[in-house]
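Engineer: So that we are looking at the same thing, I have put the structure below in structure tokens.
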Amino acid sequence: MFEHNNTTGEWPQYLPLSQKMLTRTKLIHLLLLRRINLPSTFKTLTTTATATRDEYFAAIHHVANIVRRDFYMERTLNKLRITVTPELVYRVLRACSHSPAESLRFFNWARSHHPSYHPTSLEFEQIIKTLADANNYQSMWNIIHQIKTHHCHVTLSTEAVSAVIEAYGKHRHVDQAVEVFNKTLLLNCDQNNVQIYNSLLFALCESKLFHGAYALIRRMVRKGVRPDKRTYSILVNAWCSNGKMREAQEFLKEMSDKGFDPPVRGRDLLIEGLLNAGMYESAKEMVRKMMKEGFVPDVGTFNALVEVLCKFDEVEFCVGLYHEVCRLGLVPDVNTYKILIPAVSKAGLMEEAFRLLHNASEDGHKPFPSLYAPIIKALCRRGQFDDAFCFFSDMKLKGHPPNRPVYTMLITMCGRGGKFVEAANYLVEMTEIDLMPMSRCFDMVTDGLKNCGKHDLAKRIEQLEVSARGV
């Protein structure tokens, strides 16, 4: 077995070329062993340094995997000899947000083993949110106590305090949620803030304490805190989830009589409440009733309705609804097309997909890759590769350059359809515009070309991979 020299970072000269090709994981581990200095901000990464950005995020991904999966995490991290920066810690903590115990171990390791590292409020807030969501409140309060005693320069934001209150609410610990609400001043957070009130309102509604929720609304009004859309949505959603449409309507009317009209129309809030409660047929019926009266829902409400219905394969109903509301005066936004075009393409309604893409362009929305990629994928699935290639070329000619995921998808679909020569051409095209193809794309294309008897082209693709990766 040949061994790598960790000191020089070089392979022995007698090692064959085929064995010099590292897997992605080994390459990242080598990169970390050579003590790469991770940049503290994105400003240090120039737009032309694609490889540097890839290495940076690959290193973060590698560290996050170690944190999540390595039993001897601290020992492995010490061997990597990475330069710990606030941004690195924050990104790893965010990537490991579903692993609370491991995240806390990593955060403690970063502080204890690296004296030059001084945590900022971002890292503290992230670990607090992670622990709160995991119901690990003792560790969460220990971190908060450390902030107050040893890190006086760090202050918790309103978002962090709200997240703690809502975490208590999700786990039905309403008394603790109220206690945190009453301690907001001790946490250097302004209590008379609509976001703080909304968090406690959410906690009360999760426990179905509607009388307490009404009392909180009245307190908001007394304190001069004006309710926003989420204030109304929380209470309306809670009523609708318990099948109490009449109470929700009475609440909206009562607030309107007091001069607190919701930022959106009441019926839009009711529709969204029905959707969140899973009462899809009732929501559809309310939209139909609005349209018969000549009214249309808010574009955000329409998008929420269409998104839910498309998941239940009611694509044709959504397309008909789209044309009807547009006729009545609704102006779709880019999110409308981001929902409809993939759903319509997946359903095989290709003419409608092209029509929606044309409408998006007419409305001033530039067709970006994730908007037209579903159409290309649907054409490939139907075996219409010539149409897919033509449409792909058309998008590039019109100034809508594809990104790496679109190329990867197209190469994968070509491989599944036996179009290995075309896939090879797209691999070459990617490298020409400084987009690094994935290893599995190279492997799939070279294997396919060899099986087709095109060994010369397969050898050229292997050489392309070696030169592109610089191995």
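Note: Cβ is positioned from N, Cα and C throughout, glycine not excepted.
Computed from a predicted structure; not experimentally measured.
Sharing the features that TrEMBL gives for it:
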REPEAT    193-227  repeat 'PPR'
REPEAT    228-262  repeat 'PPR'
REPEAT    263-297  repeat 'PPR'
REPEAT    298-332  repeat 'PPR'
REPEAT    333-367  repeat 'PPR'
REPEAT    368-402  repeat 'PPR'
REPEAT    403-437  repeat 'PPR'
Engineer: Tally of helix, strand and coil residues over the repeat 'PPR' (403-437) according to DSSP?
Structural biologist: 26 helix, 0 strand, 9 coil
Engineer: Mind tallying the repeat 'PPR' (368-402) by DSSP state, helix then strand then coil?
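Structural biologist: The breakdown for the repeat 'PPR' (368-402) reads 26 helix, 0 strand, 9 coil.
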Engineer: Below 8 angstroms Cβ to Cβ, which residues of this chain, lying six or more residues outside the repeat 'PPR' (193-227), approach it?
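Structural biologist: Distant contacts of the repeat 'PPR' (193-227): 158-159, 161-163, 165-166, 168-170, 172, 174, 177-178, 181, 184, 234-235, 237-239, 242, 247, 255, 258, 260, 262.
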Engineer: Per DSSP, what is the residue tally for the repeat 'PPR' (333-367) in helix, strand and coil?
Structural biologist: 26 helix, 0 strand, 9 coil
Engineer: Check the repeat 'PPR' (403-437) for me and report the mean pLDDT.
Structural biologist: 91
